[in-house]
Amino acid sequence: MKLKHLTIFLFIFIYRFLFVKSDCYLINNERPETKITKIRCDDQVISILLNPNNRTDATLEKDTDGKFYFDVVNFPYKDRLCDYTYDIYFLPEIPSLPSVPTIGGSVNFTYNYPCTSVYGRIKPLNIANKIVTPYNINLDQFTMRIQPGCGDLIINSGSRVIYNASYQTGDIPNKPTIDDQGNITIQGSNLYNTQIKINSNDPVENLNPTGNLDSTHSTIVFSLPESQYQGNWTIDVTICDVFYKSYLYTFLPIITVMEGVLNDNGGNLTFTGDHLSVNPSTTISGHFGGKPISCFAGTSKSVICSIPSRSEYGGSGYDVPLNVTIGKYTTNTIKISYDLPLIQGVSQRGTSQIFNVSGVYFSGVISMTIITGANIKTNILKKPTPTLEEPGFFIESNNTIFIFLPNNTQPGFMNLIVGDGGSKSFTSPRYNFKITPTITAGQSFKSNTIGGDLIISGIFMRTVDSDGRDVPLTVKSEPGGPICDPLKDGDGLSFTCVLKSGFGSSHTMNVYYNLLPVGSFVVSYNPPYLASSDQEKDGTIQINGNNLGESVSNSIITVVYLDGSRANGTVVESSHNLLTFQYPAGNKNTASYLFQLGDQISNMAGPFTLKPVIENNNPAVPCGGGMVTINGHYFFNYTKDTTTITIGKVPCNISSINVTTIECVILPNLKSLSPYYTSGSKPLIISSSNSATEKVYQSSITGYSNYTFAPPTITNTSDIDQTALITIYGTSFGDANLEILIDGKPCTQPEINIHTYSSLTCNVTNYDEMLKYNYSNTKFNISISVDGQYFIAQIFQFKYESTISYSENKSSGFPNEMYIGIVAIIIFLALIFFAIKTQVEKYIEERRARKAFRSVDNLRLKLREKHAAEIAKHYSFGYESAPKPNKSYFYDLGKKLSRLPLIRCCFKEHTD
């Protein structure tokens with residue numbers, strides 16, 4: 001033994017002094033597993049080994065004791081520093097590690113003092129008693145693979161712990177699920193070493209099932225026989241031997257469906273579901289339609305019950321409730337039916353009359369009945385090959401029937417009547433379904449703008465709800481579009497829609513049944529058509545035609561002239577057959593017409609040539625000559641130089657002319673003309689020497705072009721103002737030799753409204769006398785004569801109203817009775833005085849008036865003779881010359897007598 005130890009000692013001694021030249025030493029003779037922070041060296045420069053197996057020199061600094069020291073802890077490359085010698089051993093360090101999941105895996109980290117002095121070998125680590133050797137991924141980082149685990153993560157180097165951490169903690173965010181196969185699934189993260197413990201109020205075989213963890217440690221599944229769970233459960237979950245959470249579950253028995261068919265005779269039927277396991281000591285029973293029935297245990301997913309016959313049950317046999325009680329738990333309730341036909345759904349095949357009826361036990365159906373509101377029944381028979389012409393039904397399968405309904409079927413209920421074993425009949429419950437009217441696609445209609453009845457085709461057009469009340473169809477178009485009011489119909493194949501007046505080339509009319517769209521059709525109004533045209537005296541033009549509509553705001557009339565230019569007229573009024581518009585301003589009287597109503601344009605009518613139209617049928621013709629204004633339209637190409645106007649045969653000289661107005665002047669002294677030309681109604685004739693003008697249009701305006709040289713008339717007067725001015729109103733106040741007499745005295749300086757000859761003003765010559773004598777409320781005669789008394793107005797009387805007011809002077813000193821008496825005497829005497837004075841003045845004024853009229857008559861006779869002679873020099877009419885004054889003594893005497901006031905007032909009109 002001693003020899004062996006001696007041999008080892010000699011080997012170490014020889015190796016150390018022959019092969020290892022150590023110039024550094026431990027300061028405190030630290031043990032190999034002691035952390036070395038500093039070593040002392042003899043030389044200032046030493047050789048050190050760095051990973052990966054690279055030796056380099058390090059320069060040391062001298063300490064205060066004069067020695068050189070190598071500071072291991074603060075060495076900048078300690079993550080690459082190897083042991084100095086085999087006996088100067090640096091304990092490895094791991095400053096930090098990233099979080100490690102329970103699945104483990106490769107981890108990158110910093111590894112200080114990673115290698116030994118022998119060829120720079122990497123120092124191994126120990127994790128959970130397993131050797132792990134890190135390896136470089138670069139000079140600064142190492143990688144090691146950590147095995148799956150949970151809880152503490154302790155890393156050792158030899159027997160020394162160099163890093164103490166933990167795996168990531170497990171987490172279960174959602175409640176574990178349990179499926180019908182007995183699988184308990186837990187999902188989360190870091191579920192390594194997850195276990196459950198089941199606590200139940202019912203006995204179970206295994207309270208600690210084993211789970212199957214997936215590779216990602218995110219799902220673990222525990223499997224149990226389904227029969228093991230029923231009732232209330234508490235599942236305790238532990239992760240890595242640490243309690244995590246408890247979850248509560250309740251497992252009640254459930255039945256979902258009946259297997260097989262329940263016929264009239266009843267029998268044992270199997271009902272499938274979940275959690276239906278029965279222990280030997282557990283009782284089981286059931287209820288069918290509220291009556292107890294016997295049930296037997298099957299499997300955990302089935303139970304068997306005895307169902308009575310339909311006659312024993314005594315009910316309708318449809319939707320009978322059934323449930324099962326297992327021990328202290330009762331299942332849910334399901335409804336089952338005997339094998340009787342039952343409609344479960346009805347659907348229309350597209351928009352046809354064919355309906356698909358789905359349900360159960362249809363094989364025995366022999367007839368069907370449609371029941372509508374008011375209990376109207378329609379029987380539909382079973383046919384091998386029903387058609388739309390011969391409605392009926394056929395059975396496709398035990399669950400499907402095809403029905404061909406009549407066109408006039410109304411919405412309502414459907415009933416099935418079936419055979420039952422050949423001895424009984426059974427009526428199934430009513431199934432309510434709606435038959436919706438359907439409009440035949442692609443229908444379009446044309447209509448005049450006045451509208452009319454439209455017959456809309458379709459099916460099921462007899463509209464009535466389930467209570468027998470009418471449900472009208474409604475028809476709507478776009479906003480502002482036409483209106484169509486549906487009427488009730490009876491055959492089911494169509495309905496009538498009354499289209500209101502409208503216009504437009506295309507309108508989509510949508511049909512609604514109970515506010516639901518059932519189809520549409522298109523309405524197109526016929527385009528407008530223009531035929532003939534007429535002119536009106538007011539200048540408007542009327543066009544006859546068809547489909548002209550009633551919408552002025554949507555109407556456009558276009559006038560197309562011969563040169564192709566266009567202008568729009570103004571539509572005044574429009575009806576379906578007649579259009580009235582105003583011709584556009586301009587100087588072109590020949591044009592064609594186009595009419596646009598909405599988006600439709602008419603034919604081009606014409607060309608038409610406008611004729612001049614006289615509008616006023618009684619223009620003011622001055623009786624003694626003067627201005628005549630002729631209002632009308634379309635005096636195109638009429639000029640002063642080429643146009644002549646005569647009234648009867650009296651010429652009217654044109655002073656101005658435009659498209660709508662002609663003004664002309666009749667020379668005065670009509671008295672010099674023969675009464676043949678100036679009495680009665682005379683035609684107005686407008687002629688032109690210009691070939692481009694049209695003859696005045698008079699054929700349709702009877703009497704509108706006749707004029708009368710009427711004598712003046714007085715209709716009213718104004719009061720005489722303080723300047724002695726009076727206004728006289730009337731007609732035909734001519735301006736030739738005009739004379740006005742008021743109470744026999746002339747009214748001077750007359751001014752006439754020459755545009756209408758209906759008013760004049762003049763100054764009253766005896767106004768001062770009226771004021772002086774206060775002729776208040778006294779009637780005065782007014783007479784007017786024109787053109788040397790050839791035209792004399794009927795005498796008009798007016799009351800003179802004084803503009804002077806009097807005020808009563810009041811005095812004192814007399815008793816009231818005396819004052820009243822004196823006033824009464826004065827008034828009486830004044831009345832007598834004024835009565836005498838009035839009679840005397842009246843006599844004097846009458847003599848003065850007669851004398852004045854005689855003087856005026858002599859003057860008038862001289863003027864008339866002079867006017868007649870002057871006119872005769874300038875005018876001649878046919879073979880007749882201007883009339884000459886009668887020179888006989890009796891003629892002059894008769895004329896003079898006729899001028900006397902007493903004689904003149906007896907005649908309504910003066911003629912020669």
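Using the three backbone atoms N, Cα and C, a Cβ is placed for every residue, glycine included.
Bear in mind that the values here come from a model prediction, so they are computed numbers and not experimental data.
Residue with Swiss-Prot feature N-linked glycosylation site, selected from ASN164, ASN886: ASN164. A straight line from the CA of ASN407 (N-linked glycosylation site) to the CA of ASN323 (N-linked glycosylation site) spans 46 Å. Predicted-model confidence for the topological domain 'Cytoplasmic' (837-912) is 47, expressed as mean pLDDT. ASN232 (N-linked glycosylation site) is 93 Å away from ASN568 (N-linked glycosylation site) when you measure Cα to Cα. Spatially, by CA atoms, the glycosylation sites ASN54, ASN268, ASN323, ASN637, ASN653 include one closest to ASN232 (N-linked glycosylation site), and that is ASN323.
For the pair ASN268 (N-linked glycosylation site) and ASN323 (N-linked glycosylation site), the Cα-Cα distance reads 15 Å. In this structure, the glycosylation sites ASN407, ASN637, ASN653 were compared by how many other Cβ atoms lie within 10 Å of their Cβ, and the smallest count belongs to ASN653. There are 14 other CB atoms within 10 A of the CB of ASN232 (N-linked glycosylation site), with all protein chains counted.
On the backbone, the CA of ASN54 (N-linked glycosylation site) and the CA of ASN763 (N-linked glycosylation site) stand 147 Å apart.
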